[in-house]
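Undergrad: For reference, the structure I am asking about is given below.
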């Protein structure tokens, strides 16, 4: 874990362990997410990377039977401290899901503003927020003439960018993305990747991906998760993306990134 | 040899229809059974409608539109028969709406609890109990209504009258709070909560969990997720379920018969007043001693009720289909 500017991190996990019922699925995951950097979480299916990303904004606890141990520091505060309201955590740490999930009853515009309405915020400049958010998610040009159309009238890739815009409207410091392109075609995937790179100039991004090329294209640093033979998932290797892919220190990482299993 | 299909000179082979009907004998039997069941259902409705029309023709022709809108019923003088069901029809609607106002919120709350709050064990038990409620015979609910519930509800009605009597709904001049549409509405509510809960629960269970997660991830509380995401997304289905309940409420007979004072003096909105109407209960209470002419009039009343419930079911289907355009 060299060359990571820990002092500059505002999101950091410390010995995170996760259980579903009796099953121990993640063990001692300690990762640091430096400000304005993209971190990719890679690994074979079932290694716990999606589970881990959900612990970073306390979405994990919504799953019935979920257990947790460890700490997640956000701006030096443990978000699992009993005094912390999970809602305030989620306002600062946004999330984009695997499948595009715009609110089906709402228009494009309403979807962008939905977080503000849902959290009961008032006194904002709606037009400005809609335009800025859609621009930052690079869907403004496609959506600007049809803002009052239902969100479901957009294509899958556009819906996913709308979901990113919806998240951006809340002005989070961090965005968590759980395989945001797995349901999209290559063209839409490319555009989302470009958006991720642009966004990382102003925010911290954590992305789960099955796609090695994607990790290499967008991520500054990469963590390789692995769950071996019924053992809980662990981080086998964590470092600069370039190092993880080209000079892995662990032979298992080497096998995985070179497609020997997975 | 050419494999490309751009040879336009080649003649197109003749089109043939692909068979939709089954060939195998067991498929034929299955097809026959399924089709006759479907046709049978439509046929039965048509036959019932035809019979009701046939039997009520005399009454409808004789009484005219006043049959539906007037408010007098007199079968004593064979020379001057007056059959008008206005108060009964209005009473049926009043009780049904009353029941809906009570049942729909209860059912939505119950469905929300079962689907989103309760752990799976409690959810199973709660579902079972609600379904069990649907299995209670309406005569038992009627007896419960008159024996157990009436004194309680009459007390509530009195409180409403004392504190909110200035609102026309809670006006009461007779001083009696029993046998009112209010009580009948409660009894009906108890009977329709299961169906509405069951439909609403089904709708909730089909909601995309990702959409609800999206709301949570945007920092929404449970209540704002419910009000702004869950309810709007499932409104069509809930309305459909509620209208199914309304259909049942309108047709409810025996339970209302026990708890309502039938009166041809129309009760527009005073729900805590001790008089009201109900077509189904009226038919039951008059049928035994009715003359042949009066029986025809009662069947005509049944026809009106049947048509209204058909309309409501049709409306339910339209609303459910229209309210969820994103569901293909």
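Even glycines carry a Cβ here, placed using N, Cα and C.
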Undergrad: Under TrEMBL, the annotation transmembrane segment belongs to which of these stretches: B:213-236, B:237-260?
TA: B:237-260
Undergrad: With the ranges B:3-28, B:29-54 to choose from, which does TrEMBL describe as transmembrane segment?
TA: B:29-54
Undergrad: Quick check on the annotations: TrEMBL lists transmembrane segment for one of B:177-199, B:269-291. Which range is it?
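TA: Of B:177-199, B:269-291, TrEMBL gives transmembrane segment for B:177-199.
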Undergrad: Apart from its near flanks, which chain residues at least 6 from the ends of the transmembrane segment (B:126-157) lie with a Cβ under 8 angstroms of it?
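TA: Counting only partners 6 or more residues beyond its ends, the transmembrane segment (B:126-157) has Cβ contacts under 8 Å with 110, 113-114, 118, 170, 172, 177-180, 182-183, 186-187, 190-191, 193-195, 197-198, 201, 252-259, 272.
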Undergrad: Applying the under-8 angstroms CB criterion, which one of B:29-54, B:88-114, B:177-199 scores highest with the transmembrane segment (B:297-321)?
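TA: Out of the listed stretches, B:29-54 contacts the transmembrane segment (B:297-321) most.
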